[in-house]
Amino acid sequence: VLATFEMMARRAHALAGAALARSGRARCLSTVDSDARFRFLAPLNARHSNGHDILNDPLWNKGSAFTESERDRLGLRGLLPAHVSTLEEQVERFISKLRVHGDDPIRQNTMLQDLQNRNETLYHRVLVDHVEEVAPLVYTPTVGKVCQEFSHDFHKSRGMYITPKEQGEMATVMRNWPRTAAQVVVVTDGSRILGLGDLGANGMGIPIGKLALYCAVGGIAPHRVLPVMLDLGTDNQKLLDDPTYRGYRHPRLKGSAYYAAVDEFVQSIFTRYPQALLQFEDFSSDKASTLLGKYRDRYLCFNDDIQGTGAVVLAGVLGALRMQRRPAAELVNLRVAVVGAGSAGIGVAQALHSAMVQLGMNSKMAAENFFVFDQCGLLGKSRYSSLTEEQMFFARSDIADGSALEAVIEQVKPDLVLGLSGKRGTISEGAIRAMAKHTERPIVMPLSNPTSSAEISPEEAYMWSEGRAIVATGSPFGSVELPDGRVMTPSQCNNMYIFPGLGLGASVCAAETIPESMLYYSALALSKMATEDDLAVGRVFPDITTIRECSREVAIACVRHARDLNIARASPARNESIDRWVERKMYYPEYVPLYSTGRS
């Protein structure tokens, strides 16, 4: 009878979760229905010997929300104020305090870090319930400044730091991480943090922020994530001279020594956690593609700067085609100018090229659709000795090497310009006016972070195109009122629309690898999420408040594709749909009943 009752509760859980997801508040609820009195939540064993230890463990701590019965059975009597709070009350109290410091995002980030170190459930619930307000404080654009101040403001260690001192013993050192399972591991070497360059160990803020979004947005449980700083030195002399710098104070490893250290780390991760997803984050352009090429077909891994950015841009471009009432298949007809030839720029070009091939276009013909620029101008094949293999693939022989962006736009009349240079002003007024002269709805995507590095502002793109541009940006920008009274809202083309769902789907089905085609289907699923209301005000991505629903749909697409390719090592329960399987695996931050077998 109990088993039947629990089954009914789980079924109702699924229906309630799906309904709330459609309204942008996807949750893993366990209520039978909105009016039910019965609520089943399986209790968890905190395994602490006393209540004081539970209060000091952020994975178990509920603060003032421990129930009366929990206070008795966990030894918490006398350790807490009398009032028993609800999680909702705690969220509102914290967000009210956070808003007091609305003019100081660094202070707000510090408050959020302190909360995460005290109470992981409350931290992630704040992020889920107020994602539009809090996500920019946890990740871009605030995280850039947080990384710059990381050593000066260091309070508590989170994650693992691996240095050359651990070489030869990395697999053993990995055993120091206390969790028996890791679903997602995010690693950086700190060599190219956002648009800020080599920040060494200070770049640890990136994996930490990224994994906060994996938990809140992607539904990965907090005890199943691992941020890693692969600290192989820094070539930033300012950091090496800084007495407060917390990292490995040596020049960065180079050449074979560098790749040997990375290889030992990668093998150590998959020895400890064979089914984990490893995400490479903010590796320098000269290393990122090489590392991805080395490991992508051997392990479950991906590079978010290359593949994640590429997939979310592809979704944005497909959304822009929807806005123009053009089918996705017309992607093959777009001519694309890419301003920025680093790992992100080339990765985006590769993603769009791969999608064109996926749609049936010949690879060589698809490459002819791209015009890639670096600081010297258009990439030409005459520069073969100084370009990487990936850059050479898109280099032109039919237009003069080093040609300026405006001149090339006048000549080839592109439909889309992408900014991935990390430098303000690299997409000029002349370039936009030239596009608008030849294209009814020019697609303009300045994608560099932080906001100060955006190649062009949305207001400039709208004004210089007479309000006809379709705009998506890497950092958040506000709405723009046009001279004719229309109000346009640019989308934020943020990787968090893709990577949490990709990580969820790939890890739930324990995919062997992440093939390029999986990224295409992820982008396709995301591109269908924007509503007609979104498109009407200029957004090619759905409202950020629906992001958990987006992650779920991306994850479902990933699982389906992995099973189609026979690379899924895990399967849903018998008679369980893939949709339900993914929903059931999504973590939702709520308090569950606790007991402890560790008490004497």
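First residue shown is number 1, and so on along the chain.
Each Cβ is built from the backbone N, Cα and C atoms, and glycine gets one as well.
Automatic, uncurated: that is what TrEMBL annotation is.
Quick look at what TrEMBL lists:
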| type | residues | note |
| --- | --- | --- |
| ACT_SITE | TYR139 | active site, proton donor |
| ACT_SITE | LYS210 | active site, proton acceptor |
| BINDING | ARG192, ASN449, ASN494 | (S)-malate binding site |
| BINDING | GLU281, ASP282, ASP305 | divalent metal cation binding site |
| DOMAIN | 116-296 | domain 'Malic enzyme N-terminal' |
| DOMAIN | 306-563 | domain 'Malic enzyme NAD-binding' |
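On the structure: features taken from TrEMBL.
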residue : record                             : CB count, 10 Å
TYR139  : active site, proton donor          : 23
ARG192  : (S)-malate binding site            : 25
LYS210  : active site, proton acceptor       : 27
GLU281  : divalent metal cation binding site : 26
ASP282  : divalent metal cation binding site : 25
ASP305  : divalent metal cation binding site : 27
ASN449  : (S)-malate binding site            : 22
ASN494  : (S)-malate binding site            : 27
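For the pair GLU281 (divalent metal cation binding site) and ASN449 ((S)-malate binding site), the C-alpha distance works out to 14 angstrom. Using a 10 Å Cα-Cα cut-off around LYS210 (active site, proton acceptor), the binding-site residues ARG192, ASP282, ASN449, ASN494 reduce to an empty set. The (S)-malate site in the record is lined by ARG192, ASN449, ASN494, and its two most distant CA atoms lie 18 Å apart. With ASP282 (divalent metal cation binding site) as the anchor, the candidate recorded positions are TYR139, ARG192, ASN449, ASN494, and the one with the nearest CA is ARG192. When the alpha carbons of the residue listed as 'active site, proton donor' and ASN494 ((S)-malate binding site) are compared, the span between them is 10 angstrom.
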